[in-house]
Amino acid sequence: MADEGKSYNEHDDRVSFPQRRKKGRGPFRWKCGVGNRRSGRGGSGIRSSRFEEDDGDVAMNDPQDGPRVRFNPYTTRPNRRRDTWHDRDRIHVTVRRDRAPQERGGAGTSQDGTTKNWFKITIPYGKKYDKMWLLSMIQSKCSVPFNPIEFHYENTRAHFFVENATTASALKAVNYKIQDRENGRISIIINSSAPPYIVQNELKPEQVEQLKLIMSKRYDGSQQALDLKGLRSDPDLVAQNIDVVLNRRGCMAAALRIIEENIPELLSLNLSNNRLYKLDDMSSIVQKAPNLKILNLSGNELKSEWELDKIKGLKLEELWLDRNPMCDTFLDQSTYISTIRERFPKLLRLDGHELPPPIAFDVEAPTMLPPCKGSYFGTENLKSLVLHFLQQYYAIYDSGDRQGLLDAYHDGACCSLSTPSNPQNPVRHNLAKYFNDSRNVKKIKDTTTRFRLLKHTRLNVVAFLNELPKTHHDVNSFVVDISAQTSTLLCFSVNGVFKEVDGKSRDSLRAFTRTFIAVPASNSGLCIVNDELFVRNASPEEIQRAFAMPAPTPSSSPVPTLSQEQQDMLQAFSTQSGMNLEWSQKCLQDNNWDYTRSAQAFTHLKAKGEIPEVAFMK
């Protein structure tokens, strides 16, 4: 932490640690005309665009193999066309095409001395797919189980590694066998590869123990502060010939695991001067050290503020970022502060400089949403009409043969289905059956596809409904709202839950919203002209409430075993409450045929909206 009263350009990089830095390195001392100078950092290195677009194997040399010359992003650097020692101090990228047959793969040696062949799997345009969905779909088509190593996105592609030729051949057979929701075929490209870096750079168990010992020496228990500044140069590590480079995934993972297992209460962490050029491997620190308040990332190679998004779950109060290339990209101090504070709104100090207090809005006060109201029908006549229609409709819909719904639809009827636009894992939740027909306009932008997903005419509509999973709806969960009504048209929606009754998804709970537009039918009923169905996974609360109150068996008359007095009481209670005979009898039986107590129970439950609409269907 900077000493009190120290000027902005004289602060040091201490986070309760004694090392000091040279003066004049503040992030707001720009030269005139100096902006983002990424294109001028050495001419002999391979451009990032080539690295990102090449399908060949990529090998990174050790970032500290060359002489150690401090990189200063705050001074103007001329373009260089020839290799310099400065450039050799940075990470080198070598792109090579492996011309060996795919079956041979790239050889790597595991810690137990066995040799493994590695293959890099590439999915062009894979970035548009959710990771879990993509891997689940590949696994469902692959003839052997596989363990994807180091899954990541690169430009528009998705990549991961597998470690033997048998798995690679099985994945090759999946090429173009997976169809996405837009009916596109997914390509899978297999290339032999060097072992992924997470495997190459794994520390051996004895090395992890030595790292743990060294980290304990660097930990200040009184301040709950861990100093990992320039860890690779630690004398004890160098003496034991242990190479710990925190910009390698395996090394960072080992360090974070030690923190999680030994000092999860950590408040301050110094990672300065470790040549970190990305923070992907550090993202788990949000869970492993949730109390972290002070983080020093100064003197690294972070080029973009977007890297901070990977750790923005931390509730940081102090952050050091000076001497990173990203500091060159800000035009002024206020932009720099506001950009960083977007990620860490509770930040009080940046690069040792006190910040103005954050503007806070009192939004954390608990607010309760008003309780959901019951159905709305407008009039009793409309209520009777709609409830009778829904009772008939879903009796046929859940019967197993939906062909009987033909009479419910107009000749020119139109129907569509949609699902959530970005589900976490559609395969795991078994929503994949609905995806190919989903017409979610937030996801489907192509007008031709949108039109194709509309089902026109009653024959096509019912044929489409017959292809959907077989269901059993919980009519007690229905909430019905009439939103528009004229003499020739009625628009209403119904919300509720259902479960699937066959296949792999048997007993899976779904929630739905269905909007009908109907016109009068010749039989004094309703005829559907437009049907929109939205299906999602039921929430935990909906699952808990689903099918909790089984519907009584329909009956048109009181149970014969009732006495005459009970039958008279039942008829009177049904007339006064408006409930049908089945639900009236249930209420009376639950209250031991005490008419007064039954009436009180009915009034109480109706006021709370706990009596389902089916109870009033006669």
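Placement of Cβ uses the backbone N, Cα and C atoms for every residue, glycine included.
Quick look at what Swiss-Prot lists:
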- ARG41: omega-N-methylarginine (MOD_RES)
- TYR125: 3'-nitrotyrosine (MOD_RES)
- 2-59: region 'Minor non-specific RNA-binding' (REGION)
- 60-117: region 'RNA binding' (REGION)
- 315-342: repeat 'LRR 3' (REPEAT)
- 66-99: motif 'Nuclear localization signal' (MOTIF)
- 82-109: motif 'Nuclear export signal' (MOTIF)
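Taking a C-beta cut-off of under 8 Å and a sequence gap of six or more, TYR125 (3'-nitrotyrosine) has these contacts in its own chain: THR156, ARG157. Regional average pLDDT for the motif 'Nuclear localization signal' (66-99) in the model is 41. Here the repeat 'LRR 3' (315-342) is broken down by DSSP into helix, strand and coil counts: 15 helix, 3 strand, 10 coil.
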